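**Student:** Starting off with a structure, shown below.
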Amino acid sequence: MEFKVLDKGFLRLVDILGDDYSAVKAARVSYGKGIKTPEKDKNLIFYLMEHKHETPFEHIVFTFHVKTPIFVARQWFRHRIGSFNEASLRYTELKDEFYLPDHIRKNIVEDKQKAVRVEELKLKEQALELIYNSIEDSYKVYRKLLELGVAREMARIVLPMSSYTQFYWTVNARSLMNFLNLRADSHAQWEIQQYAIKIAKIFKEKCPWTFESFLKFNYRGDILREVEL
């Protein structure tokens, strides 16, 4: 499964270990029992989620391949429970790929974590022009440094946070749900929200019972109930 995200990014499901039944079997091993009827197995998933017995969900593991701007990746890497491998700009040259937003946002005085889109056309045009010009100038300097023979590990220091990077992310379902609680929420930055929504789509398809129970009992965000998954 793969989804296009932002202007040049993507989210790709590389591998998955387990499903809803993995959590069921992990929960029932304590009693020496396994899978029963679908109805009873689904009810068990809902019981585990409602009563915060979450360790069985750690036996469902996803691996994603992500392409995203560096500023999004740095927010992503704050989620410590998971494994990351990122492309290195010390050993590879950066392609001419940058996140170019199509809108501008301003902070809300009442809530510093939220931002709203700017509708004033003149301000939007001025801000976007400054962003685009800054990115273009930075990349020109980067290429010039490489042409001069400067090492990639030094030339990269002029690159903007809008540069695209790629990484692998391996995460269990319990930690993935924590990610969705924090990033599939209007308080998170809009760009990472877009990735969180696509992750939720994959989660729903691959583990429908777990996702449904998560949305009912444990989801603390606000946008997954407002979008079509």
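Each residue, glycine too, has its Cβ placed from N, Cα and C.
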**Student:** Out of Arg12, Arg28, Arg183, which one does Swiss-Prot list together with Gln75, Trp76, Phe77, Arg78, Glu86, Ala87, Ser88, Leu89, Arg90, Arg156 for dUMP?
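**Tutor:** Among Arg12, Arg28, Arg183, only Arg183 appears alongside Gln75, Trp76, Phe77, Arg78, Glu86, Ala87, Ser88, Leu89, Arg90, Arg156 as dUMP-binding in Swiss-Prot.
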**Student:** Quick check: of Thr37, Thr55, which does Swiss-Prot put in the same FAD site as Arg78, His79, Arg80, Glu86, Asn172, Ala173, Arg174, Asn178?
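**Tutor:** So, going by the record in Swiss-Prot, that would be Thr55.
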**Student:** Return the residues near His79 (FAD binding site) by Cβ distance under 8 Å, restricted to its own chain and a separation of at least 6 in sequence.
**Tutor:** Val171, Ser175, Asn178, Phe179, Leu182
**Student:** Does DSSP put Ala173 (FAD binding site) in a helix, in a strand, or in coil?
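**Tutor:** The residue in question, Ala173 (FAD binding site), is helix (DSSP, three-state).
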**Student:** With Ser88 (dUMP binding site) as the reference Cα, tell me which of the recorded positions Thr55, Ala173, Arg183 is the closest one.
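**Tutor:** Comparing Cα positions, the closest of these recorded positions turns out to be Arg183.
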**Student:** Comparing the recorded positions Arg90, Arg183, which residue's C-beta has the most other C-beta atoms within 10 angstroms in this structure?
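**Tutor:** The residue with the most neighbouring Cβ atoms within 10 Å is Arg183.
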